[in-house]
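Colleague: One structure is given below, represented as structure tokens, and several questions about it will come after.
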């Protein structure tokens with residue numbers, strides 16, 4: 001009758017820790033899935049999702065002052081406000097400068113607040129700074145007789161001097177006959193004229209090449225900027241255009257989409273098919 005009530009075994013307390021197993025199991029069985037907001041693709045890590053977004057859906061933002069590239073507009077905006085190399089502008093003509101002293105020199109020389117105090121020892125021509133005199137001296141040592149009176153830089157041809165002088169004067173001699181807008185350089189006018197041309201409205205400001213579709217224009221521009229947004233999913237190599245990336249990917253997949261209509265042999269690239277057809281035609285022709 002004195003038998004004590006049986007105490008619960010101490011080891012049974014471990015049962016409270018048993019739920020850990022299902023938690024571990026759920027981590028293994030249920031992988032995190034992150035769906036792209038722009039397309040149906042799914043990723044198992046945020047890093048891959050972010051990389052996909054940058055490559056596929058985000059157009060690179062290029063600073064029009066220094067050419068640096070950014071993924072986000074907010075990054076570009078911050079860069080232009082803080083560390084852009086050409087962020088200091090002249091309030092009179094909006095020209096941009098890398099250094100504050102360059103702006104001060106520009107204001108004094110171009111907008112009339114300076115005197116020509118420094119003379120060339122050979123021809124006694126006067127300039128605003130000694131640095132401009134040193135630039136001018138090249139005209140006496142080399143065959144460069146045309147000298148800029150503003151900065152002292154010398155040129156072989158008078159036309160080169162005239163084009164150079166535009167950056168000091170701010171003059172815009174090239175006028176659009178359609179809308180009267182004026183431009184400093186001829187290539188700027190050519191680029192602008194694409195607005196008025198119906199069949200090819202996208203013109204490259206670097207080389208003058210024009211396009212009738214923005215897609216082809218955008219891909220062409222990447223050849224100048226060096227941007228390569230199309231990445232091979234297999235080896236990570238990057239390309240300026242999607243067609244180039246697809247052609248490269250065939251080296252991994254072995255895909256041969258170009259069949260010979262004479263013998264049926266298939267080829268990976270169109271140029272390989274073309275070379276084969278010349279031989280194949282000679283062999284099969286009577």
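Cβ from N, Cα, C; glycine included.
OK, TrEMBL features for this one:
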REGION    1-24  region 'Disordered'
DOMAIN    34-62  domain 'C2H2-type'
DOMAIN    61-88  domain 'C2H2-type'
DOMAIN    88-116  domain 'C2H2-type'
DOMAIN    118-145  domain 'C2H2-type'
DOMAIN    146-173  domain 'C2H2-type'
DOMAIN    174-201  domain 'C2H2-type'
DOMAIN    202-229  domain 'C2H2-type'
DOMAIN    230-257  domain 'C2H2-type'
DOMAIN    258-286  domain 'C2H2-type'
Colleague: Based on DSSP, tally up the residues of the domain 'C2H2-type' (146-173) by helix, strand and coil.
Modeller: 12 helix, 4 strand, 12 coil
Colleague: Below 8 angstroms Cβ to Cβ, which residues of this chain, lying six or more residues outside the domain 'C2H2-type' (146-173), approach it?
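Modeller: Here the qualifying positions are 93, 95, 109-110, 125, 127-128, 131-136, 138-139, 182-185.
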Colleague: Per DSSP, what is the residue tally for the domain 'C2H2-type' (230-257) in helix, strand and coil?
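Modeller: So the counts come to 12 helix, 4 strand, 12 coil.
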